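One structure below.
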Amino acid sequence: MKGPEKAYLVSDKATKMYSLTMDSSEKNNCGKPPLQDDENPHIKYHCHNNNTKAYDARQREQTSAKKKLCIASLICFVFISAEIVGGYIAGSLAVVTDAAHLLVDLSSFFISLGSLWLSSKSSTMRLTFGWYRAEILGALMSIITIWLVTGVLVYLAIERIIRPDYTIDGTVMLITSACALGANVVLALILHQSGHGHSHAGGKHEHMASEYKPQTNASIRAAFIHVIGDLFQSISVLISALIIYFKPEYKIADPICTFIFSIFVLITTVTVLRDLLNILMEGTPRGIHYSDVKQSILAVDGVKSVHSLHLWALTMNQVILSAHIATDILGESKRILKDVTQNVCSSFPFHSVTIQVEPVEEQSPECMFCYEPTQ
């Protein structure tokens, strides 16, 4: 495209359009310092200049997630085979229960890998945001499978408590449960991730909102919840195996441990389920506060008011902002637009920011769409 790039600021009233020419010496939309003329005078300002960094971060996140899931799947398959054989020989419901949950874990790993593949596909005219939410839907499916399998196993545990006509080989159960515990510890270490609220671009530290911490990839987080549930199960099975090994008459410990484990599993899914539903409901992401973002916008010289401020996320870490701002100095709309974008991008981890500048005299206090949202 020849000539300077244009950015258009549209006013709702009379659809008046302001055309602003942006030169190469200006800052880009995510707060990076302006290029000096002697550095690269041919690069024009563009609204997506910093999207390359966001895209690269997303690619690294997905590559890491796929690698972790593939390794976890291989380890999971090996221990599933061992537990099914060991549980069958020992006659232990708890061991077979653990194998069943590992099988569900393996299925969830495959679902997560599929959702990661889908989320990397390009956007279309129908799916303008792309397939990012496939990652969230895949994680939600994993949580639902945990609940379904847990419900079945609770039923079987109750059956064993009511009808205790079964035998358990304590030795085989003890060996198998110890191996299962080791497998789940390894899986938990592989899938565990930690984040911190810094950006290291360009060798500099950019401190984001103090309460915001980058969240784990949804697919990895759901898989980790699966493994933590199995870890609880393995611990409970090992305890029941020790009891049965030394006191065979206390075989009721086997279904009791299965029942106790189920409660722990449901507890471990609550937090991740809440975050997934918040994303699907277009809620404000955890760690980002509406009032803080609004104050960050109002702090820019020339901004008189903010309305239609919306904060939501496509995935755990892809947060989006859109807002309308009013000013009484339209001659500086270009500067105000860039300052607002820079301010929010340097203070919060926004993946995309859309700002509409409007004349302050066109604001309508009676407009139902401009009201401040309730608490």
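Every residue gets a Cβ built from N, Cα and C, even glycine.
Relative to the membrane, Q62 and A222 are recorded by Swiss-Prot on the same side. In the three-state DSSP reading, C370 (Zn(2+) 3 binding site) counts as helix. Taking the topological domain 'Cytoplasmic' (273-375) as a whole, pLDDT averages 89 in the prediction. Contact between the transmembrane segment (171-191) and the transmembrane segment (224-244) is supported by 3 or more Cβ pairs under 8 Å, counting only residues 6 or more apart in sequence. The listed stretches are 69-89, 99-119, 136-156; of these, 99-119 has the most Cβ pairs under 8 Å to the transmembrane segment (224-244). Under 8 Å, Cβ to Cβ, and six or more positions away along its own chain, H307 (Zn(2+) 2 binding site) finds A323, H324, A326, Q363, F369, C370, Y371, E372. Residue counts of the topological domain 'Cytoplasmic' (120-135) by helix, strand and coil are 3 helix, 0 strand, 13 coil (DSSP-based). Of D105, H226, D230, E358, all annotated as binding-site residues, the residue with the shortest Cα distance to H351 (Zn(2+) 4 binding site) is E358.
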